[in-house]
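Per Swiss-Prot, the features are:
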- C428: active site (ACT_SITE)
- C151, C155, C213, H216: Zn(2+) 1 binding site (BINDING)
- C361, C364, H369, C373: Zn(2+) 6 binding site (BINDING)
- 30-90: domain 'Ubiquitin-like' (DOMAIN)
- 145-227: zinc finger (ZN_FING)
- 240-295: zinc finger (ZN_FING)
- 315-373: zinc finger (ZN_FING)
- 411-452: zinc finger (ZN_FING)
- 415-446: zinc finger (ZN_FING)
Amino acid sequence: MSILEWFWNILCGMAQYLTFSKNLTNDNLVNIYVKSNVGGTISVNLDPKSDIKNVKELVAPKLGLEPDDVKIIFAGKELLDSTVIEVLDFFSDILHAVKVNKKIKNVIPDKPLCETLEELHQLNDQKNVESIEESNLKNEGKNKAHFFIYCANPCKKINTGKLRVCCSECKHGAFTVDTDPQSWADVLDKNKITGVCNNVGCEGLYAKFYFKCASHPSQGENDTAVPLNLIKRNHKKIPCLACTDICDPVLVFSCDNRHVTCLECFKNYCGSRLKDRQFLSHPDFGYTLPCPAGCSNSFIEEVHHFRLLTDAQYEQYHRFATEEFILQAGGVLCPQPGCGQGILIDQNCNRVQCSCGYVFCGKCLEGFHLGECLNPTDVPFLSQNCDYPLDPEKLEKARWDEASSTVIKVLTKPCPKCRTSTERAGGCMHMICTRANCGFHWCWVCQGPWERDCMASHWFG
């Protein structure tokens, strides 16, 4: 794409966005953008009751052609002259005008994609075949979107979406499909549906399907959204597996049983698993969850479904996913309270220093120490030298709350030799362990033996 074409697309997108609120004029005319396959975009005003034949009559003279020499393409279909504008799944989108090439076999005009998908949906339902879902609910005639998407910009939420088609090679919208998609696999997988690209100089053979948000005016051909293929209209009236209510829409898991849950119960399910940190790290799908019934082959592949969580929960989900990735890669998380930064470590080096300044052992995640790591029950307590021994497990249960242990970890560091917690109350960084039979000299900063380098660099911090 040249700089001029890129700049033109930006201007078209801005014009569409700024003028959409004025699309309905005093004469009830709708402003429509028609893009030619030889470059340039034409703006025409039409009555919503107008048909494609009227579009050709307005557009053809501006292209120097006769109406019969022009075909109009929208969402992978060459439209019939009798197709009425208002029945299209159209929301400030772009129609494509292409000169008819009489030397080659042209595609037979067809119904718009939104109508043919309705017919396919009913047929596939009878055959019990997975199909692209659409809504048969009443009072939804004006909303032709049959999909759910996550709109990252500007809506930043889950909305209904609309299916669009372009050439997989040049990404131009003047592409007609040979057959309609029969399943989600046809839409999501590459090179499933063949067709003809009408863009000059392109010989692309495969369709690329993508989705746009139906809740805001199109911001250009590059305005896309993430499809949420598990969220569907509940036209079958299936009850939720948790609350047994019949809700719409619902989420249908990919397990063999195709378990159904309402969106509210799905949010509760994800929230409880997130709180207990029970999401699983899948090698192909990332940090995700399976069907709550424990079915095999039921992991959620598109993680944007978790956008149903609150912003705070989704931020926590992202943090946990990042931490899990680091742990799976052999890294560690800084044990310093209030930090938790992920660190990829050298497996041959036990001494790890976080950017927060905390130095710890890469194996046991305790403060850095010399010698072998000790089991938690082997860590010495100062109280063991008196007549009042404390059991670590019972001591853990006897806490008022976790605040005291957090303060201790922040204000103290363990002796690198014997692990006795030591608090620094000012002064220099030269520490001497006070535990009997230890007396190890060490550096508060690097948590290693007190040496000349420490004297030079760390004496006062």
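Glycine is no exception: its Cβ is also placed from the backbone N, Cα and C atoms.
Sorting the binding-site residues C151, C155, C213 by the number of other Cβ atoms within 10 Å puts C213 first.
Most Cβ neighbours within 10 Å among the binding-site residues H216, H369: this distinction goes to H369. It is 53 Å from the Cα atom of C361 (Zn(2+) 6 binding site) to that of H216 (Zn(2+) 1 binding site). Taking the recorded positions C361, C373, C428 in turn and counting surrounding C-beta atoms within 10 angstroms, the largest count is reached at C361. Just so you know, the Cβ of C364 (Zn(2+) 6 binding site) picks up 17 other Cβ atoms within 10 Å once every protein chain is counted. Averaged across the domain 'Ubiquitin-like' (30-90), pLDDT in this predicted model comes to 83. Cβ proximity to the Zn(2+) 6 site centre (mean Cβ of C361, C364, H369, C373, cutoff 8 Å) flags the following additional same-chain residues: N350, F360, K363, L365, E366, G367, F368, E372, L374. On the backbone, the CA of C213 (Zn(2+) 1 binding site) and the CA of H369 (Zn(2+) 6 binding site) stand 56 Å apart.
A Cα-Cα distance of 43 Å separates C151 (Zn(2+) 1 binding site) from C364 (Zn(2+) 6 binding site). Per Cα geometry, H369 is the residue among the binding-site residues C155, H216, C364, H369, C373 nearest to the residue listed as 'active site'.
In this structure, C428 (active site) belongs to neither helix nor strand by DSSP; it is coil. Sitting within 8 Å of the Cβ centre of C151, C155, C213, H216, and not among those site residues for Zn(2+) 1, are the Cβ atoms of I149, N153, P154, K156, K157, N159, A214, S215, A225. A strand conformation is recorded for C213 (Zn(2+) 1 binding site) in the three-state DSSP classification.
Between the CA atoms of H369 (Zn(2+) 6 binding site) and C155 (Zn(2+) 1 binding site) there is a gap of 52 Å, rounded to the nearest whole number. Cα-Cα distance from H216 (Zn(2+) 1 binding site) to C364 (Zn(2+) 6 binding site): 53 Å (rounded to the nearest whole number).
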